[in-house]
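Visitor: Dropping the structure in here first, questions after.
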Amino acid sequence: MRAFLALEDGFVLEGRSFTGRGESGGEVIFNTGMTGYQEVLTDPSYAGQMVCMTYPLIGNYGVTAEDMESGKVHVEAFIVKECCRTPSNWRAIMSLPDYLAQHGVMGIEGIDTRALTRHLRINGAMRGIISTETDDRDELVRRARALPTMEGQNLVTRVAPATPYRWDGTRPQPVQLAADGAYAWPGTGPRLVVYDYGIKWNILRLLTDQGFDLLVVPPSFTAMQVAASGAEAVFLSNGPGDPATLTDEVREIRVMTERMPVAGICLGHQLLGHALGGTTHKLKFGHHGCNHPVKDLVTGHIEISSQNHGFCVDIESVPDVEITHVNLNDGTLEGFAHKTRPILAVQHHPEASPGPTDSRYFFARFRGMVREAVGR
């Protein structure tokens, strides 16, 4: 079915919908991963975005039950050069087109993804529309320009849970706190409150592997509630949108950083930066993919990392921290640790899913920091 992709600057490409009729809009970005499309689709950090995969053939291994990073598809639309309809994978439960159609998400193929990626790299990520409903290119460009920009958008409210839950190893399970806010921690490990701003499930798996006893909470959970729960440390997850909009969350994080160990990944890294007095800015086209080189300044090692962010903490803006990681492509901040308090964070994704596992030591580093701070 004939479909068009129109960007706000008037750049228009024609392709074919592989999920039926429809129209969708959002910020158009590109991802340089060769594999891992299922994890991309189910990553809540992609809310509000239409993702172009730079690799030319996507869908070869279908969709599996084991490779989800959340319970649904979060991208606004999926843009590929060619979509495979006959996957070859013994684990596959359905094809990529069927999966997107099941979740009501538009997919477009036949697009010159090299031309689109080059355009976005030169001109920056921008708003766009994909539609099968009209071939009026000027009208589609007008619709793209009417969409909200990513700056100023709080998208966490679209993907975060409303109530606390526990992680059973495969899926979230609801929990009930006592009237006074206390939580009956089921395990014997360090008691960790995990803020879910749009968390990827592999983060929960790896925190569990480190021996933490987890209570996962919504963004509205206050520092006072954290204390009442009996938590000993706090972890801030990834998530979508502009971190500068989350002023209430930053206020509560600031309180928690004065009381207990705190770590963050991606959006959590940005929120910690704000809580400690720093600022953030929007990157031209973001970092999206699983082949980004990062240098760990603590060890001197070079890591290939998985990344997905459109905003970045200004590298000189956060007081009283040691810069621990930098991006070797553009020199942007990839991680910091506080000089006197048990606080650390990274911008990239050490849990990967998809991507390399070079940075997975971050979870052990956090576990060691908590052990030193709380004595177990």
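Keep in mind that glycine also has a Cβ here, set from the backbone N, Cα and C atoms.
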Visitor: Out of Ser17, Ser24, Ser45, which does Swiss-Prot tie to the same L-glutamine site as Gly239, Gly241, Leu267, Gln270, Asn308, Gly310, Phe311?
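Guide: As annotated by Swiss-Prot, Gly239, Gly241, Leu267, Gln270, Asn308, Gly310, Phe311 share the L-glutamine site with Ser45, chosen from Ser17, Ser24, Ser45.
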Visitor: Quick check: which same-chain residues outside Ser45, Gly239, Gly241, Leu267, Gln270, Asn308, Gly310, Phe311 lie with their CB within 8 A of the centre of the L-glutamine site CB atoms?
Guide: Asn238, Pro240, Asp242, Pro243, Cys266, His309
Visitor: Please state how far apart, in Å and to a whole number, the two most distant Cα atoms are among Ser45, Gly239, Gly241, Leu267, Gln270, Asn308, Gly310, Phe311, the recorded L-glutamine-binding residues.
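Guide: Pairwise Cα check on Ser45, Gly239, Gly241, Leu267, Gln270, Asn308, Gly310, Phe311 gives a maximum of 13 Å.
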Visitor: Measuring Cα to Cα, how far is Phe311 (L-glutamine binding site) from Cys266 (active site, nucleophile) in Å?
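Guide: Distance (Cα to Cα, whole Å): 9 Å.
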Visitor: Which chain-mates of His349 (active site) that are at least 6 residues away have a CB under 8 A from its CB, listed by sequence?
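Guide: Result: Lys200, Asn238, Ile265, Cys266, Ser305, Ser306, Gln307, Asn308, Gly355, Ser359.
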Visitor: Just to be sure I understand the packing, how many Cβ atoms besides its own are within 10 Å of the Cβ of Gly239 (L-glutamine binding site)?
Guide: 31
